[in-house]
Amino acid sequence: MKRIRSLWFNAEASYSNLNNSPSLRNKNSTGNNSRSKNYRSFSRFDLINSILLLMMLFLLAIFVTALYLTKSSRLTYSHASRAALFNPLGVISPSLGNHTLNYDPEARESSKKLYELLSDFNTAYYDDENMILGSNLFSKNTYSRQPYVANGYIGSRIPNIGFGYALDTLNFYTDAPGALNNGWPLRNHRFAGAFVSDFYCLQPKLNSTNFPELDDVGYSTVISSIPQWTNLQFSLVNDSKWFNPQNVTLDDVTNYSQNLSMKDGIVTTELDWLNSQIHVKSEIWAHRHIHPLGVVSLEISLNTDHLPSDFDSLDVNIWDILDFNTSHRTVLHSTGTDEKNNAVFMIVQPDNVPSSNCAIYSTCTVKYENSTNPINSSESFEEKDVSSNIYNVILTEDQPKIIVHKYVGIMSTEFNKNKEQQDNTNIGLAKMIALNSKGNYEKLLSSHKRAWYDLYNDAFIEIPSDSLLEMTARSSLFHLLANTRDYNVSSDRGLPVGVSGLSSDSYGGMVFWDADIWMEPALLPFFPNVAQNMNNYRNATHSQAKLNAEKYGYPGAIYPWTSGKYANCTSTGPCVDYEYHINVDVAMASFSIYLNGHEGIDDEYLRYTTWPIIKNAAQFFTAYVKYNSSLGLYETYNLTDPDEFANHINNGAFTNAGIKTLLKWATDIGNHLGEVVDPKWSEISKDIYIPRSSSNITLEYSGMNSSVEIKQADVTLMVYPLGYINDESILNNAIKDLYYYSERQSASGPAMTYPVFVAAAAGLLNHGSSSQSYLYKSVLPYLRAPFAQFSEQSDDNFLTNGLTQPAFPFLTANGGFLQSILFGLTGIRYSYEVDPDTKKINRLLRFNPIELPLLPGGIAIRNFKYMNQVLDIIIDDHNGTIVHKSGDVPIHIKIPNRSLIHDQDINFYNGSENERKPNLERRDVDRVGDPMRMDRYGTYYLLKPKQELTVQLFKPGLNARNNIAENKQITNLTAGVPGDVAFSALDGNNYTHWQPLDKIHRAKLLIDLGEYNEKEITKGMILWGQRPAKNISISILPHSEKVENLFANVTEIMQNSGNDQLLNETIGQLLDNAGIPVENVIDFDGIEQEDDESLDDVQALLHWKKEDLAKLIEQIPRLNFLKRKFVKILDNVPVSPSEPYYEASRNQSLIEILPSNRTTFTIDYDKLQVGDKGNTDWRKTRYIVVAVQGVYDDYDDDNKGATIKEIVLND
């Protein structure tokens, strides 16, 4: 029988024998095999019995044959339904609507304690409902405590008083020389300045570069800052007291609050000044729709309750200032005042770019509260580099408040190219914008807020169980949106986005791979136009990339590592002998836009935008690689992979895998478009060398030894975002790579690392929950309070982190974190397959969801854009659902087959290359049975508009059989090493760990088994890294069902009671009903324990789980029974290493996954007794404290504590 080829099978035919309920848990499906048997049984039926039956069977045969042909076509691509570990068959049904996720109030409340693990959160706050971040601490100016405003074109970092320009004056860690500086390459003093998109200067030399010799062949390009447009100041009593960032001291300020609304991008600052006599409130915003408009609102009022008895009036001079000294790397073109319009203006040019300038035009309205009469400026000043208007007002008890609205038009040459009135000068347009806005504050504010609200209607992420993660998702969206725009972007220039956006000159404001690989993909599913604008910048600089290749004698094109105004090869951005992978990154970003397929992205885009970039990159790499006749493979040389700790190496793994993948893209796209395809591309793609150790661990580069410390994700990038895996052998190697390199990341490395591990773990591991522990590891060490901005480093102290002054804010991390949710936890990937007959590319969406035990209730991605359709992606506790909510075109979805994954089949080194140790780390797994057939493909679906596809979530197995603690909630009661998170100790991954900050003091982890899930611990195991502890103790909090019920009910009562009297009465009745006596005492006689330490543990527990309850206990003595003491069931058990130390590891020649040390223990309850003799109910517990102290080898210079990889507790 001739097989009919069809890439997509018919959705209706696919589910004729399935239960169409959207809930798939515990549903049975007969599968393809049973349907094949039915077909064969029909074909053997005796047709002679009845002519009528013959006719009926004839018709039925036609129908069944059609089904069989469709089935055969499917089987060409997938036998995934035969996998015993996971049934990927889904149900397509009419859309059920919004899919509200379950809300777990206890998990949500507990998650709020995670904020306290953020750096500098002690005086910060977050209003969840209104999305407001803020601080009550008036501090000296330091970058991490400053918010900013931006709209994708203009931006300004806001100092402590709420407006103006300020240099940093505080470093938390040291006052060493350079402590207040930014990092490479400028190494200049950090400042709260103002910036304009694409306003680049040219510098003959920079303070720090990688290739200074290239300064002789081309200037470097870095961002210039413009005069600070938020600069308002006021002075009192003949200018004897000034209110500006330079003159306001810590002692002058009380009742301080500064907050950032992520709903609308407004920064509000309020404070009392001068013995609380004056109240100052400011609001700053960059108009979301009118990009060249910045607005400052300032209210100055008398606090009448704090005025002296002889107070009469207060003279105030308000200064609207433009000061050239607040800009950097610019030349002053002109400055002046416009007395007719009460305005000041200034024009600056970026250094060495006379063809560009930026004009700033500022005008104010000044009115008393409840007055309609504006006050005109009384004086104007024009100095050499400062222009100002002065408004004199008198505050009295009858007129106690003055309101200033400052409207600033900002126009640069780069933005003016997009305007219809291109003949207008920049100053003319800036003036028009400011004057048209003047006096329309409320109307402008309303339109500004509406523009922000409209943006959020296009994108939303829900994580109901975790306030911190949801806030981080929201803040990441906010920060990326604040620094990009989807219109008013020149198509022939695009949108260059620097690492720190529009509020900082970190990394010189230059464009790195951060824009292509980290930020753009995070925006693409929600804001494809913004992503395309960012990619258009690479299109605009493509012609220069071709000149770069020509300069070095290569065909094709070579992008430099850094770009700005131009994309020439510079000392910061060399084109050769450095990070060649940038060419893969740019190509991947462009191809991803095609695979996403938003409006207008079709074969024309592929032919005229993506194809030239990929073709030229393929041409360059074809000439660059060298054939090694001894290996019979192609090699690369003298390069740097993403791990910048290793420079000038050969055969970088990610670079070579990128070349392999890119050459495949070039072949596939060329064939699809009917273009000429170089046969050499396929040959090199097939035969490029990826270095591996004898144990099949991918080496980051040729000659790598085991002493390596990795700066950032490198080899793991082959899994995501590159998608290098294309057969089972590579998949198995990738799993080993994930394990190996997870233990070799620098503790102080950049925040772009662990989002990649989230995606890799979710896609590669069938056990544990490390995809979620990596998610926390992506946030907790890097996110900075109070304004939820990411730092580049987990440790901001340049004296302890390798002399790195972190970029801030680090938008790269915002993009990475969003990708870890959008693509990591959901398993979503843009993908394609090639029809083997026509060579045509067919775009599809891969969906590979897993259960998320650390995130009860799941996650929801609202308004995901794909193929110009709008989707909701829902991961709840049992099912994954894609809802086709808007659009009129079906989409193609593929569910991969996870039966290929063998994440436990790891053989460990045993001191000999020829003998492998039996798998000591092999974790017990409950297998239903081995898969009937390995299949690298999956199951395909066609999802039509107003339908939804629901698939059963893959349920990862337990790492260790019957481990009651795995995937449960955990918190560290003592400090850990920067970059470590406690979740790693229970995540079912033997290659993640938590490590105490020091080895001297006792370190503690507190585990919560969950509500109504108390267990009696009988035995367990601690899996150590190469650094075991000296001893271990375990304590439990004796618990009972009565206590559990009271615990939950008291919390509910607290949330619903309206006043203290009602609260006390209700709790009293609850305790009476439960039989709790007025004087409730629990007998702990006979138990030797450290009372103070036990009480501290209880206090920590209450603070973690129920902070309000801890306060309530102090008010209601009868609740003291909840302060049960922890009972020590394992006391200072000494630890002995279970594994030898291999000499090959010491001499750095060993590239192996080493077996871990372990300590097993059993609990002897006969030596313990609590309460009445014979009573064993106390042994059950929900809360456990695991304490470790010291390290086994206490003679090294490392002050950090033991490495705890996994805690296993059995009942």
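The backbone N, Cα and C atoms fix where each Cβ goes, glycine too.
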Record feature N-linked glycosylation site (Swiss-Prot), assigned residue among Asn19, Asn255
Asn255
Just to confirm what the record says: which one of Asn28, Asn1064 has N-linked glycosylation site annotated in Swiss-Prot?
Asn1064
From Asn32, Asn638, pick the one Swiss-Prot annotates as N-linked glycosylation site?
Asn638
Local Cβ density at Trp513 (substrate binding site) - other Cβ atoms counted within 10 Å
22
Taking every pair from Trp513, Asp514, Lys711, Gln712 (the record's substrate binders), the biggest C-alpha distance in Å rounds to 16
CB neighbours of Gln712 (substrate binding site) within 10 A?
20
If I restrict to non-local contacts, at least six residues apart, and a C-beta distance under 8 angstroms, what lies near Glu644 (active site, proton donor) in its own chain?
Glu579, Lys711, Gln712
Residues close to substrate site centre defined by Trp513, Asp514, Lys711, Gln712, Cβ within 8 Å:
Phe512, Pro642, Glu644, Ala713, Pro750, Met752, Thr812
Minimum Cα separation from Asn972 (N-linked glycosylation site), reported as the residue among recorded positions Asn259, Asp514, Asn696, Asn879 that achieves it:
Asn259
Could you check the glycosylation sites Asn370, Asn972 and say which one's CB has the fewest neighbouring CB atoms inside 10 Å?
Asn370
Fewest neighbouring Cβ atoms within 10 Å among the glycosylation sites Asn696, Asn990 goes to Asn696
Just to be sure I understand the packing, how many Cβ atoms besides its own are within 10 Å of the Cβ of Asn247 (N-linked glycosylation site)?
12
With H, G and I counted as helix, E and B as strand and the rest as coil, say where DSSP puts Asn325 (N-linked glycosylation site).
helix
Could you state the CA-to-CA distance between Asp514 (substrate binding site) and Asn539 (N-linked glycosylation site) to the nearest Å?
16
Closest of Asn370, Trp513, Asn539, Asn1157 to Asn325 (N-linked glycosylation site), Cα positions, recorded positions only:
Trp513
